[in-house]
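In what follows, a single structure is set out as structure tokens and then discussed.
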Amino acid sequence: MKILFLGDLVGKPGFTAAVKKVPALRKELSLDAVVVNAENAADGSGLTPRQFQRLTDAGVDAITMGDHIYKNKDIIEVLAKSSRIVKPANYPLDSPGRCWTIVDTEAGPLVVISIMGRVFMRPVDCPFDALDRVLAEVSADDRFQGTATGGPPPILVDVHAEATSDKQVLGRYLDGKVTAVLGTHTHVPTADATVLPGGTAFQCDVGMCGPYESIIGRDISRVMSTSRTFEPTHFYVATQDVRLCGAIVESNPQGLATSIVRFEQKIK
Ligand SMILES: [Fe+2]
Ligand SMILES: [Fe+2]
């Protein structure tokens, strides 16, 4: 299976670029599946139900989120109903949303999981315990047993964390257990895309989809001013140098990665 994962869609520039480009990218790159992190789609924070609909209509198979998941409260109903969006698996069990999902693609089922790191983040449950629990649930599921290829379906894990060390330790923990561990949240692509020894594709951060003439997607002067004066101000989403960033992972019938390449496309 050939999967494109796009990092945090930031505001209108990132969201619009993804909606416009995904249908063409599916064809041009012969993609079997597209997964996006959309935690910053709604003006930089959260995701609206209408945006969710437009992304899935554009050919996005599944959506991951992060610490901004509930910023737009209307998404809670979508989280409760749809199998195309997941919450971080180590959020409280009672929080809205599902901890993992299986989506059907033309190349068979794909499992999608989101997990949050614990360094410089809001306190969440242990990611290792949550992943153990979720992977046990996944492997016990009928849809996981009976795929057309006879092997397990690919499993994509979005690791939403601040620290590279936090992401690396989760990557190593999952090596050989899942197809890909791909980082989001810091919005800056890292140059470490690799297939780990056990066969899991890994990248600390795939980079945001949004305006790169910015401070992680926001207007530079606003962030600069608040950084210097501590005076709170609204951080507008920036507008210039819009790029889609992500990673393309290919998996084998054993559900492990054969390759990972960084994806970056400048939007004119
Ligand atoms: Fe983000
Ligand atoms: Fe985040």
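Every residue gets a Cβ built from N, Cα and C, even glycine.
In TrEMBL, annotation is done automatically, which means it is predicted and not curated.
Marked as Fe cation 1 binding site by TrEMBL: Asp8, Glu39, Asn40, His187. Within the same chain, residues at least six positions away from Glu39 (Fe cation 1 binding site) with a Cβ under 8 Å of its Cβ are Asp8, Ser45, Gly46, Leu47, Thr64, Met65, Gly66, Asp67, His68, Ile69, His160, Thr184.
According to TrEMBL, the Fe cation 2 binding site annotation covers Glu39, Asp67, His160, His185. The secondary structure of His185 (Fe cation 2 binding site), as reduced to three states from DSSP, is coil rather than helix or strand.
All chains included, 19 other C-beta atoms sit within 10 angstroms of the C-beta of His68 (active site, proton donor). As annotated by TrEMBL, active site, proton donor applies to His68.
Close to the recorded Fe cation 1 site, the chain also has Gly7, Leu9, Val10, Gly14, Asn37, Ala38, Gly66, His68, Thr184, His185, Met208, Gly210, Gly217: residues not among Asp8, Glu39, Asn40, His187 whose Cβ is within 8 Å of the site's Cβ mean position. Checked against ligand 2, the binding-site residues Asn40, His185, His187 give His185 in sequence order as having a Cβ less than 6 Å away from one of its atoms. The Fe cation 2 site is set by Glu39, Asp67, His160, His185; from the centre of their CB atoms, other residues of the chain with a CB within 8 Å are Asp8, Asn37, Met65, Gly66, His68, Ile69, Pro88, Met116, Ala161, Thr184. When secondary structure is read from DSSP and collapsed to three states, Asp67 (Fe cation 2 binding site) falls in the coil class.
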